[in-house]
Structure formats: structure tokens, C-alpha cells
């Protein structure tokens with residue numbers, strides 16, 4: 001076995017993803033119900049059974065209450081799934097849980113439209129509504 005003395009450099013994007021946190025800012029129009037729709041077409045994770053990569057488009061729709069999600073923070077959060085071994089179902093449920101905890105919306109829907117693999121196309125959709 002050959003050992004390398006080369007230092008492995010962490011790329012700035014990897015560092016931003018690792019250090020990323022979900023950031024919010026005050027809703028500029030509290031009291032008005034309006035829908036924010038975000039599409040994230042480059043979601044990736046790894047199958048917890050095979051280790052093969054899974055790809056999806058994530059659709060996020062929410063009605064904010066007092067806080068709005070910062071878009072770059074959402075992007076970095078979604079990119080953090082890249083090397084995680086996680087099922088489609090758990091991933092979409094976890095995304096919903098984390099985003100709801102961060103911004104406490106009036107309602108939110110997260111849909112994961114996964115690319116077909118092995119002739120199977122999966123869409124997972126979860127919803128939250130404040131009581």
C-alpha cells in the first residue's frame with residue numbers, strides 16, 4: 001500500500017455545504033397568505049440498500065407565517081443529502097420536518113420526483129398544516 005503525503009483540500013462548495021444552516025428572515029407581508037414555490041432539480045442521495053445514486057427534483061411549496069426561508073440556505077441544505085444513504089420516503093419526510101422546524105409555516109408541501117431506476121418511477125409527497 002502506498003501512502004500519500006498530499007494534503008486533501010476541502011473545496012469551498014463542500015465547506016459551504018458542511019457548514020450550511022437553514023436561515024430565515026422576517027416575512028415582509030405577515031398576515032397575507034401567499035404561496036412560495038421552489039424547484040430544486042439537482043437533488044441526489046444514495047440508496048441505503050444498494051449504494052447506487054438516486055436523483056430527483058424536489059418541489060417545495062409553502063405559505064409563510066412570520067419567517068421566510070433564504071434560498072441559498074435551502075440549496076445548501078438539499079445538497080447536503082448528496083452522500084447520505086437514505087430512502088426516498090425518509091428523505092422527503094426529513095426535508096419537510098427540517099424546513100417546518102426552521103420557518104414554522106402556515107402550510108408546506110414537499111414533493112420528491114425521483115428519476116426512474118430499474119423501470120420504477122417514484123414520487124413521494126408529504127404535507128404539513130399548522131393547527
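Any Cβ shown, glycine's included, is placed from N, Cα and C.
Annotated features in Swiss-Prot:
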- 47: active site, thioimide intermediate (ACT_SITE)
- 54: active site, proton donor (ACT_SITE)
- 69, 70, 71, 88, 89: substrate binding site (BINDING)
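Projection of Swiss-Prot feature records onto the structure.
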residue : record                              : Cβ contacts under 8 Å, 6 or more apart
47      : active site, thioimide intermediate : 53, 54, 85, 87
69      : substrate binding site              : 22, 23, 24, 36, 38, 62, 99, 102, 103
70      : substrate binding site              : 22, 23, 24, 25
71      : substrate binding site              : 38
88      : substrate binding site              : 54, 56, 112, 114, 122, 124
89      : substrate binding site              : 124
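DSSP assigns the residue listed as 'active site, proton donor' to a strand segment in the three-state reduction.
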